[in-house]
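Data block below; observations after.
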């Protein structure tokens with residue numbers, strides 16, 4: 001993998017060969033010409049300025065610079081057709097749609113499994129689509145968090161995503177323990193945003209006698225830092241501690257090898273980099289080594305969709321539990337929530353996470369390179385600079401400008417990104433549809449806004 005320094009040198013060398021400055025559009029254009037994933041942009045709808053504020057002026061129809069896939073991915077163009085097909089099936093076949101076609105509703109959760117398995121590095125029997133992220137997290141915590149007076153603690157990171165924090169606190173309370181005593185929070189480094197691998201591992205080793213479970217993000221929502229998932233997972237296996245990951249900001253963003261790493265469980269949402277649409281159905285992973293643990297060995301909350309498909313409609317009072325992650329299913333999935341995820345994964349399946357990652361390193365590296373050269377007096381990049389420690393997202397801390405004013409100015413100029421109070425812009429160029437030209441334009445626009453605000 002390239003380093004931050006080698007990326008910078010590659011941009012400087014290319015600019016020199018083109019006889020242009022590093023902030024020249026010629027360099028961005030050349031990088032776009034060399035992009036092997038450039039054609040995928042045509043697979044997505046790119047919002048335009050005129051969609052929100054219709055105007056007779058041509059410039060209002062210009063595509064927005066959409067850098068917010070860390071919040072919501074763009075819509076694949078064939079999602080609408082797939083949804084309409086299922087609406088037609090409902091209209092024309094009604095209940096018969098449960099057994100019609102290659103995406104029959106009675107087994108529609110099977111369709112995305114091969115695609116998901118590739119994206120997260122799992123066996124097909126280890127993944128499924130169900131519920132939403134926090135619901136899935138609760139289901140896994142109920143199974144894996146079995147506290148005793150000696151081992152009752154859960155390790156999370158300080159400044160964890162609030163939903164994860166709330167889930168952990170409520171599970172601890174549910175089992176009769178105190179969050180104040182049963183939660184170990186790994187402290188951030190001096191920068192207040194990122195975490196040291198050694199600090200995480202030290203907390204694990206120092207509390208091994210009392211730790212029941214570890215729950216950490218694959219990629220931190222605020223800083224964009226990639227956590228050392230493999231190292232953490234292997235350490236937990238050695239120490240006989242269950243480990244789970246919230247992959248909301250990791251899935252579709254960075255390569256994952258959940259099976260090989262030995263992660264016990266993981267869950268994610270599908271509306272960010274997976275482009276499954278707002279409120280899309282969530283995803284879940286359960287390692288194969290837990291596949292044959294029944295509800296007595298691995299207690300859980302269940303519903304009829306956990307029953308084996310072959311005997312589900314025998315309507316018996318005793319559960320015939322499906323092995324593996326499918327035994328954690330509670331209800332049948334919403335067809336209209338899972339179909340957009342299938343549509344997006346079909347796009348992903350025409351490339352690979354390796355190719356996506358290769359472009360991501362270049363694209364986000366180019367963004368960091370330009371920011372450091374052009375606006376470093378006004379911006380701190382709080383995301384780790386080494387490519388191995390970040391995905392698509394860069395989190396930019398404003399040193400002295402007002403966050404609300406800067407964000408509003410960016411929005412008026414056609415840039416879509418998001419913020420986290422009090423002073424952080426989150427910017428995430430996504431390899432399947434963002435371009436180097438857009439990255440350059442974003443930095444130029446942000447630079448102009450910062451200069452005008454200074455004056």
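Each residue, glycine too, has its Cβ placed from N, Cα and C.
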### Summary
Cross-ref TrEMBL: pyridoxal 5'-phosphate site 133, 134, 161, 162, 163, 164, 246, 249, 271, 332; candidate in list 261, 304 matching that site is 304
### Task
Rank the binding-site residues 161, 163, 246, 271 by the number of other Cβ atoms within 10 Å of each Cβ and report the first-ranked residue.
246
### Task
Compare all C-alpha positions of 133, 134, 161, 162, 163, 164, 246, 249, 271, 304, 332, the record's pyridoxal 5'-phosphate binders, and send over the largest distance in angstrom.
31
### Message
For the recorded positions listed here (133, 272, 332), tell me which residue's CB has the most neighbouring CB atoms inside 10 Å.
### Response
272
### Task
Provide, as an integer number of angstrom, the distance between the C-alpha atoms of residue 246 (pyridoxal 5'-phosphate binding site) and residue 272 (N6-(pyridoxal phosphate)lysine).
13
### Query
Does DSSP put residue 161 (pyridoxal 5'-phosphate binding site) in a helix, in a strand, or in coil?
coil
### Summary
Rounded Cα distance in angstrom between residue 272 (N6-(pyridoxal phosphate)lysine) and residue 133 (pyridoxal 5'-phosphate binding site) is 12
